[in-house]
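S.K.: This is the structure, below, for whatever I ask next.
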Amino acid sequence: MRRVTELFTHKRRGALVLVVLAALILFFFVRLAFSNLILARGDTFLYFYPYWTAAAEALRAGRLPLWNPDLFMGAPFLANSQVGFFYPLNWPVWLLFAPPYAVSASILIHVLIAAAGTYLAGRRALGLARGAALLAAALFALGGYLTAQVEHVNQLQGLAWLPWFFAVLPSLVDPPPTGGRWRDTLRPVLAIGGLLALQLLAGHTQTAFISGVAVALWVAIHSLPDFRKPVRSGAMVRPFAALAAAVALAAVLAAAQLLPTLELAGQSTRQGGLPLNEVLSFSWHPLHLTRALLPGYGQTLFSEYVAFLPLTALALAVVGAWGWRRNRAVRPWVFLVVVAMVLALGRFTPLYYLLGRLPGFDLFRAPARWLAVAALGLALLAGYGWQRLRAYATADYPTDEARRVARAELLRPLIVAAVGLALLIVWGYAAGWLARFVPTGAEAPYAPPALLTLLGWLIEFVLAALLLWVILTGPTDRAATATRDLAVLTLAVLWLGSRGLPYNQLTTPEAYFDLRPPQARLMALATCRVPARACPTPPDRFLSLSGILFDPGDLAEIEAMYADQLDAAAIYDYVIAVKHKEVLSPNLSLVSGLPAIDGFDGGILPLRSYAATMGLILPEGNATTDGRLREYLPAAPDARWLSLFNGRYLITDKTGDAWREGVYFDRQHPVNVRTAVAVAAPDFEATELWLLADGPPPEIEIITEGQVWRATPALWLAPDVYRVTLPQPATVETLTLLPCAAGPEACGLDALTLVDSRDGAFLPLSLPPYRLIFSGDVKIYENADAQPRAFLVHDWQWAADGAAAVAAMRAEDFDPRAEAVVIGIGDAAVGGAGGQGVATISDYTAESVLIQTRSDRDSLLILTDAHYPGWAATVDGAPGVIEQVDGMFRGVFLPAGEHEVAFHYRPRSVRLGLALSLLGLGLALAATVGVFVTKRWDQD
C-alpha cells in the first residue's frame with residue numbers, strides 16, 4: 001500500500017510540473033495560442049505551409065504521397081525527409097487543423113516536450129531539485145535559441161527531443177544496482193533508439209547528427225575514470241556498445257523514411273557532401289556575440305545566431321559550472337557548452353576547416369546550429385547554479401566561518417560572471433570597429449546594441465546584483481525569498497527579451513487563406529488539380545521570374561483595412577506574403593495545385609539531373625543548388641527550353657518596364673531579329689507605333705485592312721524611343737519585324753506599343769511566342785509554343801552522361817520539339833528525321849500516368865516529368881524500359897503503330913523501409929513488454 005501511495009504521489013507531482021510548464025509556455029506564446037493570427041514569414045510560409053498542405057491532403061485521402069508532380073518538374077515527396085510524413089506527431093495536427101494552425105499547434109506541443117525533457121534531464125543527469133529543474137526547463141524551452149527556430153518547424157521538432165537523451169543516459173552510464181542485468185541496459189537502448197528515430201522522422205537530419213555527437217561526447221566525458229577510485233572493467237565499452245545498438249534500432253525504426261531519403265540523397269546535388277565553403281556558411285560570427293547571447297528587447301538578429309539568455313541566467317550558469325570539482329555530473333555539461341560554442345563559430349576557428357571535410361560534418365551548412373547543445377547546457381548549468389544559491393541561502397551553518405567559506409565559494413564565480421558580462425557588453429560596441437574590416441554577412445549586418453537594449457541590460461544587472469547581495473549576506477528567510485525573486489527576475493527578463501522573436505511576429509490568417517488574382521487566373525486555366533484526382537490532361541507548368549520588389553496595387557486598402565487590427569510589422573509581413581502569392585514564389589504552387597518548373601528546398605532537393613538541365617537556361621557560371629531560378633535569371637529564358645519544359649505560363653513583375661511621355665512599354669521580351677518575327681496585334685485602332693530600342697530598330701511590315709506597307713522607325717525621343725506614324729488611324733492586322741542587313745546583333749528592340757494619339761490610349765504588344773493573358777500587379781504570359789507534357793520524336797542521339805547530354809542540347813540547330821538526347825548506351829538505333837505521330841495523356845495522377853500513342857514509324861515517347869529510380873513503364877501491358885532523356889526526363893522507345901504506355905511509381909525503397917520499420921516496431925514493443933513483465937516477476 002505504501003508503494004502505491006508513493007507512486008500516486010510521484011505521478012501527481014509529475015502532472016503538476018507538466019501543468020506549470022504548460023501554463024508558462026502559454027503565457028509566453030499567448031498570441032500564437034489564443035488568437036487566429038499566424039506565422040507568415042520565411043520557411044514557415046514558403047516551405048512548411050505548402051508541404052504540410054499537400055501532406056495533409058494526401059493523409060485525409062488515405063494516400064501515401066510518394067511523388068510530387070508540382071515542383072522541380074517532378075520530385076519524390078515522401079523521400080524528402082523535411083516533410084516529416086512518418087513523424088507520428090504530425091498526423092494529428094495535419095488531420096485536425098489547417099496548415100497554419102497545424103504549425104502553431106506543433107510549435108506549442110514541441111516547446112512543451114522540450115521543457116519536460118529538460119526538467120527530467122536536470123533531475124536525472126544533474127540531480128536538480130524540482131525548482132531548479134523547472135528553471136532549467138524554462139530557460140531552454142523558452143530561451144532564445146529554441147524559440148528562434150520556430151519558423152524551422154522540423155528543426156524545432158527534432159530539438160525538442162534533445163534533452164530527453166540526457167534524461168535517459170544516466171541509467172546507461174551509471175553502474176546498474178542489480179549487478180548488470182540485461183534489462184538495465186535494454187531499457188536505455190530502447191529509449192535512446194526511440195528518441196533518435198523520432199528525430200530522424202521529424203526530418204531535420206542535422207539535428208539528429210548534432211544530438212548524436214553530443215550524446216557520444218557526454219558519455220565519453222561521464223565515463224572517464226576517476227583516478228582516485230578503482231577503474232571498473234567495461235566502464236567505457238558497455239555504454240558505447242549500447243549506443244551502437246540504439247543507433248541500429250533507430251535506423252530500423254525510421255527505415256520507412258531513411259531508405260527513400262538515402263535513395264534520394266544518391267540523386268541529389270548534395271551527393272558526396274557539400275563544398276567546404278557551403279559547409280562553413282552561416283557560422284556564428286564573433287562580432288555578433290553580444291547580441292546573440294544577451295536579450296535584444298526588440299532589436300532582432302538573424303535567427304540562426306540567436307541564443308540569448310538573461311544576464312542573470314548566464315551568471316547562474318557560471319556559478320553552476322564552478323561546481324565541477326564538487327559534482328562530477330557537471331563536468332560533461334561544461335565540456336559540451338565549450339565544445340558546442342567553438343563548433344558554432346565554424347569558419348572562425350581552424351577546427352571546422354578540418355571537421356568540414358569529414359563524413360557527417362560535410363553534409364550540413366550552418367555550424368551555428370551547434371548552439372543548440374550550448375543552449376541546453378547553459379540552461380542546466382543555470383539551474384544547478386540557482387540550486388547552489390538556494391542551498392546556501394537555506395542552509396543552517398554551524399559556525400560563521402563555515403558560512404564565510406561557503407559564501408566565498410559562490411562569490412568567486414559571481415565576480416567572474418560580472419566581469420565577463422561587462423566585457424561582453426563592451427564587446428558589443430567595440431565589435432563595430434572590427435566590422436569595418438571583417439564583413440558580417442548580408443543576413444546579419446553589424447549593429448551596435450540600441451540604447452533601450454543597453455538600458456534593459458543595466459536594469460537587470462542592478463536588480464540581480466541587489467538580490468545576490470541579499471542572498472549572500474542577508475538572514476536565512478530573506479535570502480531564501482531572494483532566491484525565488486531571482487528566479488522570477490530571470491523569467492521576467494526572458495519574457496521581455498523574447499517579444500521580438502519570430503513566434504511573436506504574427507499576422508492575419510488571410511496571408512495564407514486568401515487568393516490573389518494571379519493565383520486565381522492560373523487556377524482557372526488549369527484543367528484539373530493533381531494529385532487531388534485523376535487528370536485526363538495535367539495542367540501546364542509555369543515559371544515565375546518575378547521578385548517581390550513591387551508594391552501591390554491595393555497596398556493603401558490593405559493598410560487602411562488592418563490599421564486598427566495589426567501593428568506595422570504585422571501589416572508588413574502580410575504585404576510580403578501577398579507579394580509572394582502574387583508571383584507564386586516557390587513552393588506556393590503546392591497550395592494552389594499548380595505545377596511549377598521551379599521549386600525551393602534547402603535539403604536534398606533538387607535532383608542532380610534537374611540542376612544540370614537548368615544549365616540550359618541559367619547564365620554561364622551559375623548553378624542552382626536549392627532551386628529559386630528567379631534569383632539567377634535576369635530575363636526570360638530561351639523559349640525553346642521553356643517550351644520543352646512544358647512551360648506554358650511565365651510570371652513577371654513590372655519593375656523593369658518603362659514609361660515614356662505617358663506611354664507604357666512592356667520590356668519583358670527584348671529581341672534581336674535574326675529572322676522575320678510576326679507580332680500578334682489585338683483589336684486596337686492606332687495612329688502610331690512606338691518602339692523602345694537601344695539602337696536603330698528593325699524595319700517593320702504592317703498590314704492594315706488589306707493595305708501592306710513597310711516603314712523604318714525614326715528616332716523620336718532621344719535616346720531610345722522610335723516612332724512609326726500610320727497613314728491614317730487603323731487597326732493593325734499583322735505586324736512583322738524584318739531582320740536588318742547588318743545582322744541580328746545590331747538589330748533589336750526592347751518593346752513596342754500601339755498608340756492612339758487622338759485620345760492618348762495605348763496598347764503594349766507582346767513579342768512571340770508570348771501572349772499577355774493577365775496584367776495586374778504582375779503579368780502572366782502564355783507561351784504559345786509550349787510543348788505538351790508528353791510528345792513523340794523520331795530523331796535522337798545518345799550521350800554518355802547528363803553533362804554530355806546538356807552539351808549536345810546546347811547546339812544552335814538542336815530542336816527539342818523534333819529530336820532528343822538519350823543518356824546512356826542503348827540498343828535502339830539512332831533515329832532519323834521525319835515521321836508523324838501523336839501522344840495523348842488519358843489519365844494522370846501523381847504516381848501514375850497513362851498515355852496513348854500513334855506513330856507511322858519507330859519513335860521515342862518523351863514525358864517531361866523527372867526521371868527517377870522507382871518509376872516503371874509498361875507498353876501495351878508488357879514491361880518497358882524508361883530512358884533518361886533530354887537531361888532529366890523520362891522516355892520510352894516505341895515501335896510504329898498504336899500503343900498504350902503506362903508509368904507507375906513503385907519505389908522498392910519505400911516498400912522495404914516500411915517492412916523494416918514494422919519489424920523494428922514489433923521487436924521494440926516485444927522487448928518493452930519483456931522488460932516490464934520480467935520486472936514484475938522480480939518484484940513478485
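Each Cβ is built from the backbone N, Cα and C atoms, and glycine gets one as well.
Under the heading transmembrane segment, TrEMBL lists 101-121, 128-148, 208-227, 239-259, 305-324, 333-355, 367-386, 410-430, 450-472, 912-933.
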S.K.: With Cβ distances under 8 Å as the criterion, find the stretch in 208-227, 239-259, 333-355, 367-386, 912-933 that has the most pairs with the transmembrane segment (305-324).
M.R.: 367-386
S.K.: With the transmembrane segment (101-121) as the reference, find which of 128-148, 239-259, 367-386 contributes the most Cβ pairs under 8 Å.
M.R.: 128-148
S.K.: For the transmembrane segment (912-933), which partner among 208-227, 239-259, 333-355, 367-386 gives the most CB pairs under 8 Å?
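M.R.: The listed stretch sharing the most Cβ pairs with the transmembrane segment (912-933) is 239-259.
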S.K.: At least three Cβ pairs under 8 Å linking the transmembrane segment (367-386) and the transmembrane segment (208-227), pairs spaced 6 or more in sequence?
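M.R.: Yes, the transmembrane segment (367-386) and the transmembrane segment (208-227) are in contact.
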S.K.: Restricting to CB pairs under 8 Å, which listed stretch, 128-148, 208-227, 239-259, is in contact most with the transmembrane segment (333-355)?
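M.R.: The stretch with the most close Cβ contacts to the transmembrane segment (333-355) is 208-227.
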S.K.: If we skip the immediate neighbours and take only residues 6+ beyond the ends of the transmembrane segment (128-148), which ones have a Cβ under 8 Å from one of its Cβ atoms?
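M.R.: For the transmembrane segment (128-148), the list is 13, 17, 20-21, 24-25, 28, 111-112, 114-116, 118-122, 156, 159-160, 163, 292, 295, 303-304, 306-309, 313, 371-372, 374-376, 378-380, 382-384, 386-387, 390, 487, 490-491, 494-495, 497-498, 501-503.
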